[in-house]
Amino acid sequence: MPTNWKDSGLRWYWVVVLVFLADQLSKQWVLSNFDLYESIQLLPVFNFTYVRNYGAAFSFLSDAGGWQRWLFTFVAVGFSVLLSVWLRQQPSKMWRLNLAYTLVIGGALGNLIDRLQHGYVVDFLDFYWNTSHFPAFNIADSAICVGAGLIILDSFVAGKDDKKSDGIKE
């Protein structure tokens, strides 16, 4: 474990701040400029559409009656704390894992603020093909998905990267 935070993954916490600010500023812009369900087409397959998500990804548990708000709040806080502890234990040079953890934390905190402030998450990125729409999402959701993808990728390539840096042939 690194002896000070500058040598640890906490050095990457600027990504958390960047994701959080981009997410919150974009949602504030949507709330200030759109009515609920208002939509503006930007591309033939992409709209800005203001929707409220009372559940999790893909509106999971959105009609559960309200208790899910507190479950998702607890999960967001728990994962953010856990990943922050892991960041402190990681060397700063482990860029892929540090980037992944900070993307997930930034996204989790962005959606957490929405849940606490509004009781729902503001979603507005609406991709579709013909009449089939992918569930709307936001910058926080994107960061969480990219972070999760990097964690999965790291699980496949981390051992190979270690062997390369140690000069070991497979």
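Backbone N, Cα and C atoms are what each Cβ position is placed from, and that goes for glycine too.
Taken straight from Swiss-Prot:
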- 12-32: transmembrane segment (TRANSMEM)
- 67-87: transmembrane segment (TRANSMEM)
- 94-113: transmembrane segment (TRANSMEM)
- D123: active site (ACT_SITE)
- 139-159: transmembrane segment (TRANSMEM)
- D141: active site (ACT_SITE)
Let me spell it out: take the transmembrane segment (12-32), skip the flanking residues so only those 6+ beyond its ends count, and list any with a Cβ under 8 Å from a Cβ in it.
48, 50, 87, 92, 95, 98-99, 101-103, 105-107, 109-111, 113-114, 122, 124, 138-140, 143
Any idea what DSSP makes of D123 (active site), helix, strand or coil?
strand
Could you tell me the C-alpha distance between D141 (active site) and D123 (active site) in angstrom, no decimals?
9
Surrounding residues of the transmembrane segment (94-113) on its own chain - C-beta under 8 Å, 6+ positions past either end:
9, 11-20, 23-24, 27, 72-73, 76-77, 79-80, 83-84, 86-87, 121, 138-144, 146-151, 153-154, 157-158
What number of additional C-beta atoms lies within 10 angstroms of the C-beta atom of D141 (active site)?
22
Spatial neighbours of the transmembrane segment (139-159) far in sequence, C-beta under 8 Å, 6+ residues away:
19, 22-23, 26-27, 57, 96-97, 99-104, 106-111, 121, 123, 125
Including all protein chains shown, what's the count of other C-beta atoms within 10 A of the C-beta of D123 (active site)?
22
